[in-house]
Amino acid sequence: MSLTSAAGIISLLDEPMPDLKVFALKKLDNIVDEFWPEISESIEKIEMLHEDRSFPENKLAGMVASKVFYHLGSFEDALTYALGAGDLFDVNARNEYTETIIAKCIDFYIAQRVEFIENPKEASVVDERLEGIVNRMIQRCLDDNQFRQALGIALETRRMDTFKDAIMKSDDVRGMLAYAYNVTMSLIQNRGFRNEVLRCLVSLYRDLGVPDYVNMCQCLIFLEDPFAVAEMLDNLTRSSVETNNLMAYQIAFDLYESATQEFLGNVLQHLKNTAPIPTALPSTFKPQGTTSEDGAKSEGDKSKSDEDITEETPADDKVERTIDSLNEVEKLHQKNIEKLISILSGEVSIDLQLQFLIRSNHADLQVLRGTKEAVRVSICHTATVIANAFMHSGTTSDQFLRDNLDWLARATNWAKLTATASLGVIHRGHEKDSLALMQSYLPKEAGPSSGYSEGGALYALGLIHANHGANIIDYLLQQLKDAQNENVRHGGCLGLGLAGMGTHRQDLYEQLKFNLYQDDAVTGEAAGIAMGMVMLGSKNAQAIEDMVSYAQETQHEKILRGLAVGISLTMFSRLEEADPLVTSLSSDKDPVLRRSGMYTIAMAYNGTGSNKAIRKLLHVAVSDVNDDVRRAAVTAIGFILFRSPEQCPSVVSLLAESYNPHVRYGAAMALGIACAGTGLREAIALLEPMVKFDPVNFVRQGALIASAMILIQHTDQSCPKSTFFRQLYAEVISNKHEDVMAKYGAILAQGIIDAGGRNATLSLQSRTGHTNLQAVVGMLAFTQYWYWFPLAHTLSLAFTPTCVIGLNSDLKMPKMEYKSAAKPSLYAYPAPLEEKKSEEREKVATAVLSIAARQKRRENADKKEDEKMDVDEDSKEGAAVKKDEEAKADEKMVTDEKPKKKDEKEKKKEEDKEKEAAGTSSEKDKDKEKDKKEKKEPEPTSEILQNPARVLRQQLKVLSVIDGQSYEPLKDVTIGGIIVFQHTGKAEDQELVEPVAAFGPMNDEEKEPEPPEPFEYIED
């Protein structure tokens, strides 16, 4: 018989005999889930029994009390009594009570552990009973093979002992290491603890049977430990095993893609010292000091600078030796170090990507021609120049500009600077000939000048050498010192900032600061941005103080705007270290400095997905009184979320419907930045109504640009709205009634969506998951086009070629093939535009009214008759015949303006009739032919790609190396980028890909006739 009340059992708790109380507690423990309301009225008695240490089953009393409090919803008390129950609390029990208490226990333990580690002096010691339950829980996970759960608890509770156990005890150690690395980089916000975990991962990678050098290197980049990286590379290059040498090259390529200039410089310096003959190494990169020779110096200057270098090198035994005196092992080591230096200095990567972009250029000039014909306003002229630069970014093809020199010459004043700087985007990465390319625009010693072209040329040099400026910095620095004109100084500052990005060089900073202190608005704006670029992520207290104090003093809004960006760049990726600066900037009375606070949050927490940062930005987005600050706050959300783009639409969806147009614009840009290149449908769904229906034109401008960022390199198969948006851009541009602002956005969008000859994507993180430093900086500077159009060019820093480039041991591209296991159309280039529209317009323009034509003919005929004095009858008849013919011709004109076409149609109809009459046999033949075509038409399910291959980001997952080739990759090809292959066949079997010349494959060159055959000229 089932119980209807617990009153009888509860009454036993008042009995004096302990055995009866124990009996009562055991019964209550069994029925507590059903009768907890009744038991709760006597909870005090149970609590007293628990606290009575002489009572034999005081732990059981704690267990009952814990369950009662759990049902009452008082989880903290429930946890306290569960801890008091000791071993009676079974962590392995599978019920709601146990799971809830364990969850609360872990949360409580995490809070105590974190507080104890971060504030050991103030925090109380962690409760041992809590730790006991957590330990049992971890052990349960390990016993049940729930290694990921154990690893998660270990990271949350900061237990490095458990972290190691969870990885090493698992069945798949490499898989667990990869999972641990991803979790560490995406979820751990605290910089100090993240570094501790990464150090642990490095030791685990090193202890594997075959050390995982690639991932070790990724961890060491985050740890900012260049010497450990250099040591690893040195060990690999000393090895006589070819695989180890090739692995060193692969690591060097990954390093160049992921690390800062300063980090690479330190690795290079350390590597040079380990070489058998350091002085024999090429000096392509010298960090923190004077840079190597640039193209502007003469041969004599070069030899002098080489002598200086050798003088600076300490005179030791290595200097006296020559290459010939080395043994075979040392020669190999020297050669390997030379190759590493060429890779780490960026020469090889930049040259290979340039080759790929030139070779694969599929930019559609017809798009630009259509835009050029449609625009009539100077702003749109500038936009078209910028769009052309984006479209040909890195391809070195300036075909469109050469074809339209008269049109280009319309650019005046600052538009001329923008146009000249666009050459820097087109020739991005074409570093060897950069000075020769820009020679005709660069400042010259003699002759007066407006300075717009010269400033643009210096800015262009910065764009060509962005984040890789060792060979051009000295030239730019000298030009900036010599500049007499504010326009030249403006371009010089921007160029120097881009080339010296992240070098933290004091001499560059001082020169830029000197230009800032001239109190010239135009120069000061560029200097402010450039100072931040040079001191990128340095958290240099002196630099921040200089910039903030000058920002508070200056009266020039332009200078303030430049400094707002510059200040934020100094805190790049500094996480919580930037909080004090953010707090002071956010509370400033000047709205431009408050805006700087928003940019600082964006830069400090870029890519972290930090909830704290997003909360702060959302608060400002809805509360600040200044529209610019609100717009910046919403835009900044995009920078925080670019590693988890799928979260961005839900965060900004309400802001996208705000009454404030600046907030709507910010929401559009945030979507563009966070979801760049993803083709995310949720993001496009938010942008589409903005583009079509928003009443404010600058919101439409932002939405158009953002849509192109998201749809870059997407086809209708991967994102159904792709063609719709391409057509929309063309419609907005050609519509005479559209506002200039919307047109500007549409023109830029056309350039962005086809960037890099349709071979580049927008990406704020590298393939290996690191923040793409120059891309984030370029994107932030691009958002400033709102105030200053020339800054739009910096978006080119975020364009990443989507290629897989295979290299052999000589760092050359061998002829080899990859297989893409997907239909070719899924990742194909968009179809080129046809030139139909312009032809139709010409025909319509030449239409003549038939009545007018007939009237003219009659008048002419009458005049001729009047002029003739004597007329024969024969001639009269002839004239009558002619008149009849003319009348017939007139009638013909009435019916159709294009008689030739009509004749052709009629002929076709007649032919069709003849064919129909030919009988059923021909029809049967036709049907057979159709069937054959239909059978041939099914698209192949895969395609073969030649090295170097254009492989889209979403295509990488279906990419593989074709079997049967004599090349084996040193890392997974699905990561993409530059991959070193080991050649397993004979050395003489290798066929190499022929390099192509820069300036791109010109259309004119293709049409040129062949030269005549050789012949002898004999005089008579």
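Cβ atoms are placed via backbone N, Cα and C, with glycine included.
Among the features that Swiss-Prot reports, region 'Disordered' is placed at 279-322 (among others).
Per Swiss-Prot, compositional bias 'Polar residues' is recorded for 281-293.
As annotated by Swiss-Prot, phosphothreonine applies to Thr291 (among others).
As annotated by Swiss-Prot, compositional bias 'Basic and acidic residues' applies to 294-307 (among others).
Marked as phosphoserine by Swiss-Prot: Ser298 (among others).
What Swiss-Prot lists as phosphoserine is Ser303 (among others), and the listing cites experimental evidence.
Per Swiss-Prot, the feature phosphoserine maps to Ser305 (among others).
What Swiss-Prot records for Thr310 (among others) is phosphothreonine.
Per DSSP, the repeat 'PC 2' (456-489) is made up of 23 helix, 0 strand, 11 coil. The repeat 'PC 2' annotation in Swiss-Prot covers 456-489.
As annotated by Swiss-Prot, repeat 'PC 3' applies to 491-525. Sorting each residue of the repeat 'PC 3' (491-525) by its DSSP state yields 25 helix, 0 strand, 10 coil.
Residues or ranges marked as repeat 'PC 4' by Swiss-Prot: 526-560. Across all of the repeat 'PC 4' (526-560), the predicted model scores a mean pLDDT of 90.
Outside the repeat 'PC 5' (562-595), and at least 6 residues removed from its termini, the chain residues within Cβ reach (under 8 Å) are 189-191, 516, 524-533, 535-540, 543-544, 547-548, 550-552, 554, 601-606, 608, 610, 616, 620, 624-626, 628-629, 632, 771, 773, 776-777, 780-781, 784. Here Swiss-Prot flags 562-595 as repeat 'PC 5'.
The repeat 'PC 6' annotation in Swiss-Prot covers 596-631.
According to Swiss-Prot, the feature region 'Disordered' maps to 855-950 (among others).
According to Swiss-Prot, the feature compositional bias 'Basic and acidic residues' maps to 858-867 (among others).
According to Swiss-Prot, the compositional bias 'Basic and acidic residues' annotation covers 876-939 (among others).
Note on the repeat 'PC 3' (491-525): residues 260-262, 265, 287-288, 417, 421, 454-463, 465-469, 472-473, 476-477, 479-481, 483, 531-538, 540, 543, 546, 550, 554, 556-559, 561-563, 773-774, 777, 788, 790, 794, 797 of its chain, located 6 or more positions outside it, place their CB under 8 angstroms from a CB of the stretch. Each residue of the repeat 'PC 5' (562-595) gets a DSSP state, and the totals for helix, strand and coil are 26 helix, 0 strand, 8 coil.
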